[in-house]
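For reference, TrEMBL has these:
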{"type": "ACT_SITE", "residues": "342", "note": "active site, proton donor"}
{"type": "ACT_SITE", "residues": "373", "note": "active site"}
{"type": "ACT_SITE", "residues": "501", "note": "active site"}
Ligand SMILES: O=P(O)(O)OC[C@H]1O[C@H](O)[C@H](O)[C@@H](O)[C@@H]1O
């Protein structure tokens, strides 16, 4: 890393405008592609030696070794003693994948076939509710990885959605399930309880409410016909009253935030059909094969990951924006937040010692063009540059006059503006041409200057179909993996979410008035006192 910091001294004074002017081949030099999926990374603050040094950093960190260990099913999630094999869920190669000497592929295939058949029977109406009616609505009850992935994918694949309506309930706030249920008829509603552990407070609370909703309207005996479950904890699903043939399992080597490829994808399969779900898996697999075999220099996740390291560790940039110019990816950033921030939001290394470098950035984003009219001011002229990933499809699903041309023009305009900026001289000339006098120009010009030299990647693909969505998601999963290797953290555990859960369990009886708040800190006790006073 020290030599990268040293190298950055050479790069820092350079402006992207000048780098483009000096090198007509810059786009060709700094773009990588997997078939139609192209990443243009030429609008980054880099020169050829930067990439060479970043690649050297990856080799020193043994990125290829870690990658191979992950694909081989070694227990690289050491704090939980688990393999990391979401790639097995989308393995279409026919190769065996072994964990503890056992090939997991037969189990993966068995569940995939069973869930596909169930999804398709719900779609055709062959699977019915207790009163003999087909399901018009499906409610997925889950949170975190058991919600964000399937919700994001279902929305992204809206043009292919020809199955029942699908709703997602995650929050323990009763508003979420109440607002959902009030639009639904119990007779035609199927509930999917999705939880890796089948213990999560939010999901268990919402599942109990949904169960009561069915039992109240259709009688207790109707419950099994209106529920299915997805979990690694099969006995717990059965204890909830879910029929064995409606329980779809997965395995502890699938992290929650990587689980949309497993039976957690059931709502997606119900929405778009098992065939399209498999096409989504095939897209993920295509990216896996690329990541596994392409040289680092031409490897999309590697390039994206290392550029992130460059900005995070050398330039100290603490956030990363992801702006899809693709409305149906409007939950993509929300999904990436869990993927990236739960994976690499770590402060100790694999060996438990404090990290030497800053780790995961804050990931955030909204679709363009909406973002332009909201927060882009800060991205263009704020004090802290923020690297941006733009995502863009060449072909829209809609043929609505020139909407898509306008969308594309806006996306390209934003990255160009960030790169070029606008100099004081350019601003002054513009204002003079508009007829302003010298005094007015002097007062206004500084406000209209854009520094430029602000980095972005543009990820351009043919069309947002299931296969491409699979490739995009796997691209970001592996990007996160690459960065975790460089930072030497375990990207696959999430101990940071535990303390809040523990304290919530302790606080519940206090909030309910069954225990005394005096043992809490002054703020918490004070808030509980005020809460109780407000509740009368
Ligand atoms: O699927 P579940 O076991 O219900 O877990 C749901 C989510 O909750 C946890 O708190 C974890 O931080 C997430 O990684 C997980 O996806």
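Quick reminder: no glycine exception, Cβ is built from N, Cα and C everywhere.
Structural mapping of features recorded in TrEMBL.
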residue: 342; record: active site, proton donor; DSSP class: helix
residue: 373; record: active site; DSSP class: helix
residue: 501; record: active site; DSSP class: helix
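Within 10 Å of the C-beta of residue 342 (active site, proton donor) we count 22 further C-beta atoms, all protein chains included. For the pair formed by residue 373 (active site) and residue 342 (active site, proton donor), distance between Cα atoms is given as 29 Å, rounded to the nearest Å. Here the C-alpha separation of residue 342 (active site, proton donor) and residue 501 (active site) works out to 15 Å.
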